[in-house]
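Beneath this line is the structure, given in structure tokens, with notes to follow.
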């Protein structure tokens, strides 16, 4: 009896020793919350046989009866199915839809043998100042709003997490990635790569930062010219209300230049400062045209855009160049906010600069004759240029004498013409008078002749 008990004990020990060798290999499958996943179940027999899927509590999830599947009473009963077209090949996958992190666990597939599959479901959530998202692949936030991406993983798992931002730049953040002040360049596709048990799953989130595009916010124009203010945006399909308020250089308060709306990608002007005659196009990008720039417009403004998610601000600067020439002076100045790195210069065309200063006003006394150029430059880049034609100084200095000579000549000519006219009139009057005297003498002569003839005839008749 003791020998029989000892034999049974030995047999039990042998079974325990051999148990790890027959334990089925557990396959690991990674899934993403909200997606569908397929748990494999493969048999060596290439035909349709009976199978059953069970959870870790041995509750039936899904099985088959011939060519039909049957659904058990598990909590997954409304989210599971299988692929019948694979049954005849000895494959009986379990498809779980609309995955949740709570679906993570061990699943058993019973066929001619038992197979184990471990499902690990991960979820990526995003939170920012004006909202939150779970499982969404598209996020919109204003520039400057803090964004936090958090990975939710099943209990007991220890995945390796790697973050990659736009431009394939790697970020190290562990289970959380925080962008405290997202800029325009942070917009794009962010990828979270999760690795566990030599399996990998990725989350891709498209982040759109609602902001002004990175372009210069300083505009340069010559007095009298037209200038166009352009403000390209990183978005087109957001409705908004905006306005541009302007504070001229030296002014104590700002003035509303224009207000507008953007609805369904169409811009409409609400109000505008009439003297400016500002023009705005109906289509994006956002553009304002000032037909004629005056020096008093030089200054700074604030463009405000009110969106449903918040407010965007953009500073705007206008620099105006004014060039003048007088009899003895040539001046050039710029008005408005300028950087101290800019250089204002005056020089004759195709010659070295006569005056070049890091100031807002330059001038030349008694400038040489020719074409002068006023240049506002940022190192080798010319931002503004204006040309002035100056007459030769010799001509300018002799101008009074030339004017006196010219006026004297004109006056002498007028006197000569007057004298000639006077002489001509006098001669004409003398000639007229002579003609009249000659006519009178002729008439008198004819009268005397007539009288003598009459007297002779009378004497003859008396005789």
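Glycine is no exception: its Cβ is also placed from the backbone N, Cα and C atoms.
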Of 101-126, 127-152, 153-178, the range Swiss-Prot labels region 'Disordered' = 153-178
Correct range for transmembrane segment (source Swiss-Prot, candidates 402-423, 424-445) = 402-423
In three-state terms from DSSP, label residue 445 (phosphoserine) for me.
-> helix
What is the interatomic distance between the Cα atoms of residue 445 (phosphoserine) and residue 438 (phosphoserine), given in whole Å?
-> 10
All chains considered, the count of other Cβ atoms within 10 Å of the Cβ of residue 438 (phosphoserine) is 10
If you average the pLDDT over the domain 'Ig-like V-type' (26-124), what number do you get?
-> 93
